Amino acid sequence: MACAVLIVAAGRGTRAGGAVPKQYHRLGGESVLRRTLLRFAECAAIDVIQVVTHPDDAPLYEQAVAGLTKVLPQVAGGATRQQSVRAGLEALAAYGPERVLVQDGARPFTPPEVIARAIAALDGNTAAIPVLPVTDTIKHVDAAGHVTGTVDRAMLRAVQTPQAFRFAELLAAHRAAADARVADLTDDASVMEWAGHTVATFAGDSENVKLTSAEDLARAARMLADLPDVRTGTGFDVHAFGPGDHVMLGGVAIPFDRGLDGHSDADVGLHALTDAVLGALADGDIGAHFPPSDPQWKGATSDRFLAFAIERVRERGGIVAHLDLTLICEAPKVGPHRDAIRAEIARICDLPLGRVSVKATTTEKLGFTGRREGIAAMASATIRLPLEIGA
């Protein structure tokens, strides 16, 4: 096995406050720990993930790891971080990884680039840690709170996780420290330093913050709120031809020797777009909001349906990023009306024309559209919503 990850999540997180440990606080609908896990589960270079937890957190932990296939059975942590890491390493020994990354459970924003740099840093090194330059001035302060001097920060670095190690060497160092009753080492690089190994460094990232206090959690919530929740919905609709002298497509009346049968004006294009927008919102479908059993929608113009769906997006503080519509029929010919359809959809939705795409195709005379029995449409809608922050 090439690379394992050991995530330390056994702490109680008392400084963060709240009813649950900090690693189980929810950010954007997911726990901090799950967000941390996902960063590594999505990395192809990671084979397995071992999480060290507190026994009292079992129900919370099961929610955090639900559906994640790389995660091994949890291991109970010890009284200190050093003991917890040792327990996780002993459990991983059965899998024989060549490399191991040790990560804080409350560090949910680790960029993929940092993970890649951690793994690569072990090419030629036994231990490597992500660091950042110290930008604040550092002062020595005595017990009375008085400044006694200024530290030269040129050679100082702030240390993050994931810290990267050759697995066998890290396990041996932890065992040796335990045998020597050395129990005050605050990170795994310190354990390796104590054991006589050289620890290399690589670039960390300012976004790779550890959440320790209630203020950290609030800051993380604000950071997530600034990120858009991008969603895509799809829609599909079909209407058969019936008596008439025109068809409504995308809000445009196109002269034809037949019409389209439907409870409303049977605008197959606008119906598909409406369902696509509602689908992106997870807000039902056109039939749920405008049931054909309701006589008030008999003969209704379908621009009302699409405008309603667009307004639902805006009520939630979102925007429509793009609408894409494909009309499927042998006749009438859509090409001569394409620009008018795009313009009408843009008008209904109050969107720039560049955010609306309209295409047409045939089924090469196959199926009901090929037999000129009706028209089909499929659509997609991309929307951006503010990310909802969970409790």
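The backbone N, Cα and C atoms fix where each Cβ goes, glycine too.
For Asp237, Val238, His239, His263, Ser264, Asp285, Ile286, Gly287, Thr361, Thr362, Thr363, Glu364, Phe368, Arg371, the entry in Swiss-Prot reads 4-CDP-2-C-methyl-D-erythritol 2-phosphate binding site, with the evidence type sequence analysis. The Cβ of His239 (4-CDP-2-C-methyl-D-erythritol 2-phosphate binding site) has Leu260, Asp261, Gly262, Ala266, Val268, His271, Gly374, Ile375 as same-chain neighbours under 8 Å, each 6 or more residues away in sequence.
If you look up Swiss-Prot, you'll see Asp237, His239, His271 marked as divalent metal cation binding site, on the strength of sequence analysis. In the three-state DSSP reading, His271 (divalent metal cation binding site) counts as helix.
What Swiss-Prot lists as region '2-C-methyl-D-erythritol 4-phosphate cytidylyltransferase' is 1-230, and the listing cites sequence analysis.
Positions annotated as region '2-C-methyl-D-erythritol 2,4-cyclodiphosphate synthase' by Swiss-Prot: 231-391.
As annotated by Swiss-Prot, site 'Transition state stabilizer' applies to Arg15 (among others).
What Swiss-Prot records for Lys22 (among others) is site 'Transition state stabilizer', and it gives sequence analysis as the kind of evidence. Taking the Cβ of Lys22 (site 'Transition state stabilizer') as centre and 10 Å as the limit, one finds 26 other Cβ atoms among all the protein chains shown.
For Arg153 (among others), the entry in Swiss-Prot reads site 'Positions MEP for the nucleophilic attack', with the evidence type sequence analysis. Reduced to three states, the DSSP call for Arg153 (site 'Positions MEP for the nucleophilic attack') is helix.
Per Swiss-Prot, site 'Positions MEP for the nucleophilic attack' is recorded for Lys210 (among others), and the stated evidence type is sequence analysis. Counting only same-chain residues at least 6 apart in sequence, those with a Cβ under 8 Å from the Cβ of Lys210 (site 'Positions MEP for the nucleophilic attack') are Asp104, Ala106, Arg107, Gln160, Thr161, Asp216.
Among the features that Swiss-Prot reports, site 'Transition state stabilizer' is placed at His263 (among others). Within the same chain, residues at least six positions away from His263 (site 'Transition state stabilizer') with a Cβ under 8 Å of its Cβ are Pro292, Trp297, Lys298, Gly299.
In the three-state DSSP scheme, Thr362 (site 'Transition state stabilizer') falls into the coil class. Here Swiss-Prot flags Thr362 (among others) as site 'Transition state stabilizer'.
Annotation note: His239 (4-CDP-2-C-methyl-D-erythritol 2-phosphate binding site) sits in a strand segment as assigned by DSSP. The average pLDDT for the region '2-C-methyl-D-erythritol 2,4-cyclodiphosphate synthase' (231-391) in the predicted structure is 92. Working note on the binding-site residues Asp237, Ser264: by count of other C-beta atoms within 10 Å of each C-beta, Asp237 ranks first. For Thr363 (4-CDP-2-C-methyl-D-erythritol 2-phosphate binding site), the count of additional Cβ atoms within 10 Å of its Cβ stands at 14 [all protein chains shown].
Cβ atoms within 8 Å of the centroid of the Cβ atoms of Asp237, His239, His271 (the divalent metal cation site) belong to the same-chain residues Val238, Leu260, Gly262, Ala266, Asp267, Val268, Gly269, Leu270, Ala272, Ile375, Ala376, Ala377, site residues excluded. Nothing from the binding-site residues Asp237, Ser264, Ile286, Phe368 places its Cα within 10 Å of the Cα belonging to Lys22 (site 'Transition state stabilizer').
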